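Before I ask anything, let me first share the structure, which is written out below as structure tokens.
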Amino acid sequence: MSGKKARIAVALDVNQLSQALRLVEALHKEVDYFKVGLELLHAEGTPRVLAALQSAGAMLFVDWKLHDIPETVKKAVQAIAPFEVPYFNLHASTGRTSIHAAVEAAGKSRVLGVTVLTSLDDAECTEIFGAAADIKVPQFARTFVSLGGHAIICSAKEAQLLRNMPELDSAELWTPGIRPLWAAARDQKRVLSPADAVRAGADVLIIGRPITQPPGEIGSPVEAAKRIRAEIEEALAA
Ligand code: C5P
């Protein structure tokens, strides 16, 4: 167990800025960060979305998942520098020079590295990267942090493994693929419950549909977030 207070980043996976702003308004007391990703950034335009969400007081994580050559990564990061977003990410498998370029251009933003997407099972991870997630995630994480990356994105299933690596001591673990027992896994494969994720050492739980589209019996997004917060606190107190 991490012993720290685990935080929640809610995924604003919607295609209208107005919907995202309503979620920020409803959830800002229940969660710590708002994650904005490709759907909304492409639908409404990156500068407009970042400006509006920051004006609404949202602490932003830009889930960009950059995976490109160093010069393109550098230019993309420089393009959003004026917004000074607290967090953005890129794929840790994008190559050492691109990671270095992102960290150099990041200014005050903290850079997160996506190791292996939580939508991949071991068979597909092996097909793409040549080995299972418990091999590739530590390898990508070690390289990413050695190049100045600040935090690692992985499944909470790998959190314990990474917490046992002293070279990653300074890196926070941000974990998507979070599924309370009452929520459907859908396209996510390497999933864990909020309680199990924080017990494994996750620092920030990235949660989308269980909060933004909760099952009818759970109620509203606010009720879903409160229920998840309670599950996290109970697990950390045990
Ligand atoms: O709805 P759900 O809880 O599955 O949403 C998870 C969010 O986290 C999505 O926005 C997805 O793009 C993002 N994400 C992920 N796996 C990663 C990095 C980000 O699922 N490795």
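The backbone N, Cα and C atoms fix where each Cβ goes, glycine too.
From TrEMBL, here are the annotated features:
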| type | residues | note |
| --- | --- | --- |
| DOMAIN | 7-228 | domain 'Orotidine 5'-phosphate decarboxylase' |
| BINDING | D13, K35, T118, R179, Q188, G208, R209 | substrate binding site |
| ACT_SITE | D63 | active site, for OMPdecase activity |
| ACT_SITE | K65 | active site, for OMPdecase activity |
| ACT_SITE | D68 | active site, for OMPdecase activity |
What number of additional C-beta atoms lies within 10 angstroms of the C-beta atom of K35 (substrate binding site)?
24
Please work out the mean pLDDT for the residues of the domain 'Orotidine 5'-phosphate decarboxylase' (7-228).
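Within the domain 'Orotidine 5'-phosphate decarboxylase' (7-228), the model's average pLDDT equals 98.
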Ligand 1 is in the model; which of the recorded positions D13, D68, T118, R179, G208, R209 have a C-beta less than 6 angstroms from one of its atoms?
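Result: D13, T118, G208, R209.
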Across the listed substrate-binding residues, D13, K35, T118, R179, Q188, G208, R209, what is the farthest Cα to Cα distance, given in whole Å?
17
Within 10 Å of D63 (active site, for OMPdecase activity), Cα to Cα, which of the binding-site residues T118, R179, Q188, R209 are there?
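Neighbours among binding-site residues: none.
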Which chain-mates of R209 (substrate binding site) that are at least 6 residues away have a CB under 8 A from its CB, listed by sequence?
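Expected: A11, D13, A183, R186.
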Of all the active-site residues given, D63, D68, which has the fewest Cβ neighbours within 10 Å once its own Cβ is left out?
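Sparsest of the active-site residues D63, D68 by Cβ contacts within 10 Å: D68.
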With an 8 Å cut-off on Cβ-Cβ distance and a minimum sequence separation of at least 6, pull the same-chain contacts of G208 (substrate binding site), or say none.
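Those within reach of G208 (substrate binding site), by Cβ under 8 Å and sequence separation of 6 or more, are V10, A11, D13, K35, P176.
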Mind telling me which of the binding-site residues T118, Q188 has the densest Cβ neighbourhood, counting other Cβ atoms within 10 Å?
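Output for this query is T118.
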Cβ atoms within 10 Å, counted per site: which of K65, R179 has the most, among these recorded positions?
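When each Cβ's neighbours within 10 Å are tallied, R179 leads.
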